[in-house]
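**Student:** In case it helps, Swiss-Prot gives these features for our protein:
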ACT_SITE  S154  active site, nucleophile
ACT_SITE  D215  active site, charge relay system
ACT_SITE  H268  active site, charge relay system
BINDING   D98, Y101, H268  substrate binding site
DISULFID  C50-C279  disulfide bond
DISULFID  C112-C115  disulfide bond
DISULFID  C248-C255  disulfide bond
CARBOHYD  N100  N-linked glycosylation site
CARBOHYD  N173  N-linked glycosylation site
SIGNAL    1-21  signal peptide
Amino acid sequence: MKNFFSMHAILLACSAGAGLAAITQGISEGTYSRIVEMATISQAAYANLCNIPPAITSAGKIYNAETDINGWVLRDDSRQEIITVFRGTGSDTNLQLDTNYTQAPFDTLPQCSGCAVHGGYYVGWVSVKDQVEGLIHQQASQYPDYSLVVTGHSLGASMAAITAAQLSATYNNITVYTFGEPRTGNQAYASYVDETFQATNPDATKFYRVTHTNDGIPNLPPTSQGYVHHGTEYWSVEPHGPQNMYLCLGDEVQCCEAQGGQGVNDAHVTYFGMASGACTW
């Protein structure tokens with residue numbers, strides 16, 4: 001299969017807006033493998049963690065019946081990591097959260113001055129906040145040398161982003177991997193994430209916002225409603241591999257977002273050849 005776009009076409013596509021986004025082609029094998037591993041866990045969350053790596057065990061379930069937010073706190077003793085993963089949209093209740101674009105003040109994180117986040121996802125976060133913080137505190141107390149990882153796809157990606165921002169007030173060893181993440185907050189929130197996780201510095205970042213070809217969900221909610229993406233975008237094109245990952249840094253309209261995808265499409269439900277909940281990998 002040919003590459004999804006030539007580099008020339010990518011640069012043209014990314015030149016919309018005030019200026020040209022900075023594009024870097026290729027990432028290391030190690031970073032790519034790590035991203036794919038987190039994508040596996042995020043996609044498996046749609047089917048009760050089917051086919052996750054055998055070294056990873058569940059330390060507790062996250063669930064709220066009113067919002068239908070689902071997730072797990074996991075532990076990988078081989079890597080000394082405590083992993084929190086959120087499932088993406090899996091019900092009409094979740095869809096109601098998805099479409100609540102009214103921004104909500106990020107009141108649970110007063111350190112984030114002026115920050116507002118997606119109203120539906122904030123409702124989701126508040127509904128499970130105590131569970132998440134309790135489970136992570138339990139694991140972090142028992143395994144104080146372990147680092148924290150937060151991940152998720154789609155709705156789960158925004159939940160992961162909000163969770164990581166919240167946890168940053170307590171922990172300083174957090175790495176985040178999101179897949180098909182919608183825009184999650186306003187400029188103040190995006191700036192907070194960028195600063196906290198060094199998200200605009202590919203050499204030091206602790207936040208990997210991964211997109212895929214023309215996935216339509218990263219185009220939502222629209223910027224006209226005050227939403228802004230945070231950090232460097234890690235754009236995956238096909239055929240999948242470390243050399244077909246592009247780091248897109250700069251303008252809001254960049255790589256995936258510039259391809260015209262709208263809403264849930266094939267590129268959204270499949271990342272690195274793994275369909276959400278299909279468990280065929």
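Each Cβ is built from the backbone N, Cα and C atoms, and glycine gets one as well.
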**Student:** According to DSSP, which of helix, strand or coil covers H268 (active site, charge relay system)?
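**Tutor:** The three-state answer is helix.
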**Student:** In whole Å, how far does the CA atom of C115 (disulfide bond) lie from that of Y101 (substrate binding site)?
**Tutor:** 15
**Student:** Give the distance between the Cα atoms of Y101 (substrate binding site) and S154 (active site, nucleophile), rounded to the nearest whole Å.
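**Tutor:** Here the two Cα atoms are 15 Å apart.
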**Student:** Measure from the Cα of N173 (N-linked glycosylation site) to the Cα of every one of the recorded positions C50, C112, H268, then give the nearest.
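**Tutor:** Closest recorded candidate to N173 (N-linked glycosylation site) by Cα: C112.
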**Student:** If you measure every Cα to Cα pair among D98, Y101, H268, the residues listed for substrate, what is the largest value in Å?
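**Tutor:** With D98, Y101, H268 as the binding residues for substrate, the largest Cα distance is 19 Å.
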**Student:** Other than its own, how many Cβ atoms are within 10 Å of the Cβ belonging to C255 (disulfide bond)?
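**Tutor:** If we count other Cβ atoms within 10 Å of C255 (disulfide bond), we arrive at 25.
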**Student:** For D98 (substrate binding site) and S154 (active site, nucleophile), determine the Cα separation and express it in whole Å.
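**Tutor:** So the alpha carbons of D98 (substrate binding site) and S154 (active site, nucleophile) sit roughly 9 Å from each other.
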**Student:** These are the disulfide-bonded residues: C115, C279. Which one scores highest on other Cβ atoms within 10 Å?
**Tutor:** C115
